[in-house]
Amino acid sequence: MSVTFEPGLLRAYFVAGSQDVPGQDLRDVLAKMLAAGITAFQFRDKATSTLTPEQRLALGRDLRAQCRVANVPFIVDDDVELALALDADGIHVGQSDQRVQQVIQAVAGRNIFVGLSCSTMAEVTAANAIAGIDYIGSGPIFPTISKADADPVVGTAGLQKLVAQSRVPVVAIGGVTVDSLPAIAETGAAGVAVITLLTHSHDVDADTAAMRQAFSK
């Protein structure tokens, strides 16, 4: 059974692929994050990942099953075929990935929600005109080490403008720390999407709780 999209799912949004947890099994890492209370998981296996397509599919099936048991949405990054094969709850695409209109058409009738990365006012304005986008990921809010080709930093002031411009909920991405959560929440963002904050965390339970609490209003 798929998880239906609602803005609260963006509060503590964990993003990871095998490349983000070297020396660890992503299944074990996700189990820990689910137990801590993440509200969404995006499978983003790319960049320096060494998995074959067959290994990626097998890993994705296991991660999808874990999310289903926890009733947490399983989102696939930038791969419509994989999202459909895994019966994902959502798919997230970037400005340079598959055209979002093509993605929306491909998942029509499959109860898969769609997220789009937008880092400028022009990109948000364009997204507002496209039916079928459920949320926007905006950033990087701060400098990030997790994405080598990241867009220029927008800061919380820039994020606030993007949130005000968007007709759909916005999740903040990039360089997020626990200390920055209050300032991000003040922009009106629905939540934060993080990699390093949790993969490098010394207290996953506390840090996940901090994310959920910051965006609980």
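Glycine residues also receive a Cβ, built from the backbone N, Cα and C atoms like all the rest.
Per Swiss-Prot, the features are as follows:
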BINDING   GLN42, PHE43, ARG44, ASP45, LYS46, ASP77, SER117, LYS147  4-amino-2-methyl-5-(diphosphooxymethyl)pyrimidine binding site
BINDING   ASP78, ASP97  Mg(2+) binding site
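What Swiss-Prot annotates, mapped onto the structure for a quick look.
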{"residue": "GLN42", "record": "4-amino-2-methyl-5-(diphosphooxymethyl)pyrimidine binding site", "Cβ within 10 Å": "23"}
{"residue": "PHE43", "record": "4-amino-2-methyl-5-(diphosphooxymethyl)pyrimidine binding site", "Cβ within 10 Å": "27"}
{"residue": "ARG44", "record": "4-amino-2-methyl-5-(diphosphooxymethyl)pyrimidine binding site", "Cβ within 10 Å": "23"}
{"residue": "ASP45", "record": "4-amino-2-methyl-5-(diphosphooxymethyl)pyrimidine binding site", "Cβ within 10 Å": "23"}
{"residue": "LYS46", "record": "4-amino-2-methyl-5-(diphosphooxymethyl)pyrimidine binding site", "Cβ within 10 Å": "15"}
{"residue": "ASP77", "record": "4-amino-2-methyl-5-(diphosphooxymethyl)pyrimidine binding site", "Cβ within 10 Å": "23"}
{"residue": "ASP78", "record": "Mg(2+) binding site", "Cβ within 10 Å": "19"}
{"residue": "SER117", "record": "4-amino-2-methyl-5-(diphosphooxymethyl)pyrimidine binding site", "Cβ within 10 Å": "23"}
